[in-house]
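Undergrad: What TrEMBL records for 38-298 is domain 'G-protein coupled receptors family 1 profile'. Marked as transmembrane segment by TrEMBL: 23-47, 59-87, 99-126, 147-167, 195-223, 243-268.
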Amino acid sequence: MNSTKSPVLDGLGNTTCNAHNKISVFFSIIFMTVGILSNSLAIAILMKAYQRFRQKSKASFLLFASGLVVTDLFGHLINGTIAVFVYASDKDWIRFNQSNILCSVFGICMVFFGLCPLFLGSVMAVERCIGVTKPIFHSTKMTSKHVKMILTTVCLFAVFIALLPILSFRAYQIQASRTWCFYKTEHIEDWEDRFYLLLFSCLGLLALAVSFLCNAVTGITLLRVKFKSQQRQGRSHHFEMIIQLLAIMCVSCICWSPFLVTMANIGINADRSMETCETILVVLRMATWNQILDPWVYILLRKAVLKTLYKIARRCCGMHIMNLHMWELSSIKNSLKVAAISESPVSSKQINQQPLSSTGQ
């Protein structure tokens with residue numbers, strides 16, 4: 001067995017990380033449970049909202065958000081279960097991973113559930129940018145059918161990236177901590193090992209950059225409309241969604257940027273990289289927090305919660321602080337009522353009948 005070049009044994013050579021199994025299993029179970037419960041609650045909230053806004057401009061955003069939360073849910077369920085099994089088995093990969101199947105599955109899931117939420121976050125930012133800057137195009141082209149096609153395409157692309165090492169006969173490697181599998185990060189031999197690390201990092205960083213750019217354009221556009229327009233109507237749902245998008249982007253950048261930069265550094269410098277096993281484990285755990293924090297964006301930053309926070313802030317700060325004309329938050333509350341009235345079937349009939357009655361006069 002020592003003479004073979006099995007991926008199982010290659011990853012077990014330098015075990016420089018000493019983790020306490022009992023503590024690690026305990027925290028893995030806690031994180032997995034919290035992640036599953038949080039994402040399940042967020043899915044219920046999003047599905048309820050989607051039933052309300054099925055025929056409105058917010059429906060496409062809710063479909064993308066639901067896809068993101070479902071992806072996070074399965075990421076916690078699958079990756080968490082494998083991680084708990086590895087810890088419970090005392091990280092004895094030679095005993096339960098002779099054919100490297102479990103490590104390959106673990107590596108594929110790590111790449112897929114890492115990239116797919118980043119892709120979906122950037123797609124959501126692009127969708128909101130189009131919805132704000134090109135509302136007519138968005139209302140005619142961004143149907144539920146198109147949204148489902150985009151979701152399928154994004155997932156298939158992430159699956160392709162995850163399967164790329166298997167298709168090129170490069171196995172995923174057990175990392176030095178013996179707790180997870182990923183691309184080869186030690187004893188990098190050729191350009192292909194570097195290519196996978198750089199591909200993963202560049203795609204993740206590109207998704208974050210697209211999210212930042214589109215959210216900036218969307219925010220600037222909404223603020224211009226807020227400043228210039230005297231009729232603040234029908235824009236409240238845009239503000240709610242952009243707040244959620246900004247929160248998702250901040251969470252993704254904080255959680256994922258260290259891991260992506262670390263993998264890019266290893267891919268560029270190879271064995272000259274100064275990244276230690278402990279550093280990689282820390283940035284990996286930061287990345288896993290993204291799947292826990294994402295659903296709380298939709299749980300906490302909802303319209304009802306924001307209105308409650310506004311009321312609390314108004315009581316604490318006093319009304320004299322809120323009297324700026326352009327930033328008067330009560331206009332958002334009024335726009336919620338106007339938007340709800342304008343989107344109802346009764347009000348649409350009244351609007352259609354109003355020009356007829358005026359022409360008759």
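Placed from the backbone N, Cα and C atoms, the Cβ positions cover glycine too.
Note: TrEMBL annotation is automatic and uncurated.
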Undergrad: Is the count of Cβ pairs under 8 Å between the transmembrane segment (59-87) and the transmembrane segment (195-223), pairs 6 or more apart in sequence, 3 or more?
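TA: Touching, no - the transmembrane segment (59-87) and the transmembrane segment (195-223) miss the threshold of 3 or more Cβ pairs under 8 Å.
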Undergrad: If you count Cβ pairs under 8 Å, which stretch among 23-47, 195-223, 243-268 touches the transmembrane segment (99-126) the most?
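TA: Top-ranked stretch among 23-47, 195-223, 243-268: 195-223.
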Undergrad: Below 8 angstroms Cβ to Cβ, which residues of this chain, lying six or more residues outside the transmembrane segment (195-223), approach it?
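TA: Long-range Cβ neighbours of the transmembrane segment (195-223): 111, 114-115, 118-119, 121-122, 124-126, 128-129, 132-133, 161, 164-165, 170, 183-185, 235, 238-239, 242, 245-246, 248-249, 252-253, 256-257, 260-261, 263-264, 266-268.
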